[in-house]
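Below: the structure, in structure tokens.
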Amino acid sequence: MTNKVIYPGTFDPITNGHTDLIGRAARLFDEVVVGVANSPSKRPLFDLAERVLLARQVTAHLPNVKVVGFSGLLVDFAKEQQANVLIRGLRAVSDFEYEFQLANMNRRLMPELESVFLTPAEENSFISSTLVKEVALHGGDIRQFVDPIVAKAIAAKQGK
């Protein structure tokens, strides 16, 4: 069995914080599966296919990373991918409680599923997809928070 990990998220859009964690996970694990969740209830800016494409483009330089879209329960996706480790990012103490609940629920649904938490690089610790979209909506410069491919895609979505 290979040392495979899943990094799940909505990635709407994928940020430099996400790509930093993906790159670090790629050094720690044999294979990293970036699981892009459908999450229609979050009313994403980009549809699932667009988010998968953007994630593939910004991780193309990492040979042991693959990007896959999924719907449904994360534990079912983990079983499908034959992975028993998840990575999650913790930006602040405030993230911990929610992530702790998720980890326990996932472990209850799939006892062999472990959650590994990574903290972001300091320069990425405040970046969130929500904040990036908010800054872009109000005409702010998001180029320091996302890959140029993502910045261009956001501008195109906003008709700029």
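Cβ atoms are placed via backbone N, Cα and C, with glycine included.
Given the structure is predicted, the values throughout are model-derived calculations rather than measurements.
Per Swiss-Prot, these features apply:
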BINDING   THR10, PHE11, HIS18, GLY89, LEU90, ARG91, GLU99, ASN124, SER125, PHE126, ILE127, SER128, SER129, THR130  ATP binding site
BINDING   THR10, LYS42, LEU74, ARG88  substrate binding site
SITE      HIS18  site 'Transition state stabilizer'
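Here the features listed in Swiss-Prot are placed on the structure.
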residue: THR10; record: ATP binding site; Cβ contacts under 8 Å, 6 or more apart: VAL36, ALA37, SER39, LYS42, PRO44, ARG51, SER129
residue: HIS18; record: ATP binding site; Cβ contacts under 8 Å, 6 or more apart: TYR7, GLY9, PHE11, ALA55, GLY89
residue: LEU74; record: substrate binding site; Cβ contacts under 8 Å, 6 or more apart: ILE6, PRO8, GLY35, ALA37, LEU86, ASN106
residue: ARG88; record: substrate binding site; Cβ contacts under 8 Å, 6 or more apart: TYR7, PRO8, GLU99, LEU102, ALA103, SER115, VAL116, PHE117, LEU118
residue: LEU90; record: ATP binding site; Cβ contacts under 8 Å, 6 or more apart: PHE96, GLU99, PHE117, LEU118, THR119, PRO120
residue: SER125; record: ATP binding site; Cβ contacts under 8 Å, 6 or more apart: GLY17, ARG91, ALA92, THR119
residue: ILE127; record: ATP binding site; Cβ contacts under 8 Å, 6 or more apart: THR15, ASN16, GLY17, ARG91, PRO120, PHE145
DSSP state at GLU99 (ATP binding site), helix/strand/coil: helix
Cβ packing number for GLU99 (ATP binding site), 10 Å threshold: 15
Number of Cβ atoms other than its own within 10 Å, given for LYS42 (substrate binding site): 12
